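**Q** Input: one structure, supplied below.
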Amino acid sequence: MKYFEKRFLDVYRPIYLGVIFLGIVLDLVTKFLVILYFQPHRYLEVFGSFFRMTLTFNTGFVFGAFQDNAIPSLIATGVAIVFLIGYRWKNHDLGNPWGWNLVMAGAFGNFLDKFFVKIPGTGFRFGFQPNMGEYIGVVDFLDFDWPDFLLFSRWPAFNVADSCVTIGLTILIFTMKLEEEK
């Protein structure tokens with residue numbers, strides 16, 4: 001018995017690959033624009049103090065945990081992407097494909113972003129090198145203030161790729177739960 005019952009393009013149809021590509025492009029373009037027009041840790045209020053755009057760099061993992069661990073973060077993200085591709089291919093009928101597409105777009109967007117050195121005012125330069133007055137890490141810029149009853153006053157800044165992963169996982173959790181109940 002073959003491990004993968006379906007061909008790759010039967011599971012990852014061209015329309016799905018197009019959505020993944022579109023998500024990656026949207027993520028990287030927004031990050032590029034923020035790099036060009038914002039200075040690190042200076043913000044622009046969009047909806048008062050509730051929603052601001054603030055350029056930050058995450059050199060760690062989720063929510064900025066374990067900062068200055070760019071290489072382990074890059075490796076972990078790469079392993080997760082390979083796992084997700086294989087898992088989705090093997091379990092092609094599990095969950096909503098659009099949820100998978102969004103998770104993949106976000107994972108690839110942040111993975112690619114980890115390979116670029118960011119230079120405020122000039123944009124991106126390809127290469128993974130030590131920080132020499134430049135910025136290495138994932139660009140985060142969507143900055144929300146939440147009610148004071150939460151453990152922190154501002155949610156950690158995030159980006160379009162993070163939004164894709166969150167929305168995609170939410171879709172997958174709900175659709176898998178519905179499939180389980182049937």
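Cβ atoms are placed via backbone N, Cα and C, with glycine included.
Heads up, here are the entries from Swiss-Prot:
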| type | residues | note |
| --- | --- | --- |
| ACT_SITE | Asp140 | active site |
| ACT_SITE | Asp162 | active site |
| TRANSMEM | 15-35 | transmembrane segment |
| TRANSMEM | 44-64 | transmembrane segment |
| TRANSMEM | 65-85 | transmembrane segment |
| TRANSMEM | 97-117 | transmembrane segment |
| TRANSMEM | 155-175 | transmembrane segment |
**Q** Starting from the Cβ of Asp140 (active site), draw a 10 Å sphere and report how many other Cβ atoms land inside it.
**A** 23
**Q** Tell me which residues of the chain lie with their Cβ under 8 angstroms from that of Asp162 (active site), as long as they are six or more apart in sequence?
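**A** For Asp162 (active site), the qualifying residues are Gly106, Asn110, Asp140, Leu142.
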